[in-house]
């Protein structure tokens with residue numbers, strides 16, 4: 001058992017030595033009530049995990065493509081990305097200079113997932129992402145804070161925030177930047193269904209095709225910003241790409257890694 | 001938990017191993033393998049699956065067959081038996097037309113519980129037996145990925161319960177999706193026609 005962990009840890013540092021930016025911070029686990037929960041289990045338990053402090057940038061994604069050219073704009077399979085994949089990139093994989101430090105966008109779920117996996121990380125689950133994103137600059141849970149919510153919603157209204165550079169605003173309670181304000185972010189289980197109970201009372205999943213369809217199962221309708229995120233996610237297919245959609249990675253937390261840091 | 005993490009880590013490494021392959025033939029500009037599939041083909045998915053007969057396969061091993069694919073789990077009491085019945089009904093009508101190059105694939109969305117033994121048992125219970133019937137068990141990861149390919153949404157509600165969308169997808173012999181039937185208890189006519197046409 002220990003041997004596997006040693007291998008995992010060695011791999012971790014191997015990546016580090018390879019110059020991969022491993023700026024991650026621990027998000028202390030806990031229990032929270034997501035916007036959407038099943039009726040039986042309203043509370044969700046989140047285990048501690050590490051989260052990238054910033055969204056993945058164009059520069060970082062360009063390095064990934066150099067190593068894994070099957071994810072270049074030129075080579076990517078249509079099964080894994082739609083036509084607007086990396087639309088602003090030149091065919092030879094170059095990013096316009098002024099975009100290098102801005103969040104990578106127009107990436108599909110498959111590409112985002114592959115990026116994280118190739119760094120021994122993974123995409124966050126919806127619950128993990130939302131759990132970390134409910135923190136404001138000084139509060140671990142700012143969902144009741146109207147100013148916090150207003151700031152997020154007004155961020156959604158601003159055009160072209162994806163052109164901004166990462167890490168320019170204030171970090172949240174955990175030290176994580178830009179969960180709000182720049183881009184929407186892919187999560188691992190973005191395709192989780194909203195309606196619950198195996199559709200026993202409602203065999204028609206069409207309700208899920210509409211933004212407001214799942215609203216009946218929302219626990220807190222006041223949280224409009226989170227509601228928009230759930231709606232966006234449920235409208236996506238994994239090969240879709242959008243100019244205001246990026247991602248960041250997370251990693252499981254375990255004691256041994258912390259001891260070695 | 002630890003075992004699970006190791007398992008997950010293994011899967012992740014494996015997933016990356018797969019994509020690392022083209023590194024060795026950089027001159028080919030990252031062409032994934034000697035085999036070139038249609039860009040939209042599910043044969044581009046390189047994950048490994050276990051069948052109800054405990055055999056390891058990849059989707060590309062199914063080349064040449066028209067595929068009717070549905071995602072189910074064996075402890076499901078409501079929707080899945082009806083989906084299984086739909087599949088049986090489709091198979092019967094296609095077989096009556098003498099079409100044999102069709103495979104009926106049931107992908108488990110509950111890889112933790114749906115062992116090959118359990119899948120075999122399920123096939124017996126629902127009379128989904130014979131070479132044309134294929135049950136696939138993946139990992140949490142590969143199932144999530146495949147669900148995304150067929151746009152099936154699912155969420156685990158309890159240890160034995162999932163909510164999921166009811167979709168039967170039809171792939172041509174090259175692995176390209178050509179048709180989807182959504183919902184429960186819908187008319188299978190169009191799906192059957194599609195399969196017959198594709199298997200000509």
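Keep in mind that glycine also has a Cβ here, set from the backbone N, Cα and C atoms.
TrEMBL annotations: computationally assigned, not manually curated.
Checking the candidates B:164, B:179 against TrEMBL: the one annotated together with B:76, B:80 at the Cu cation site is B:164. Checking the binding-site residues B:76, B:80, B:164 against chain A with a Cβ-Cβ cut-off of under 8 Å leaves B:76, B:164.
Around residue B:80 (Cu cation binding site), a 10 Å sphere centred on its CB holds 25 further CB atoms from the protein chains shown. Sequence-distant neighbours of residue B:164 (Cu cation binding site) (same chain, 6+ apart, CB under 8 A from its CB) are B:71, B:79, B:109, B:152, B:153, B:154, B:155.
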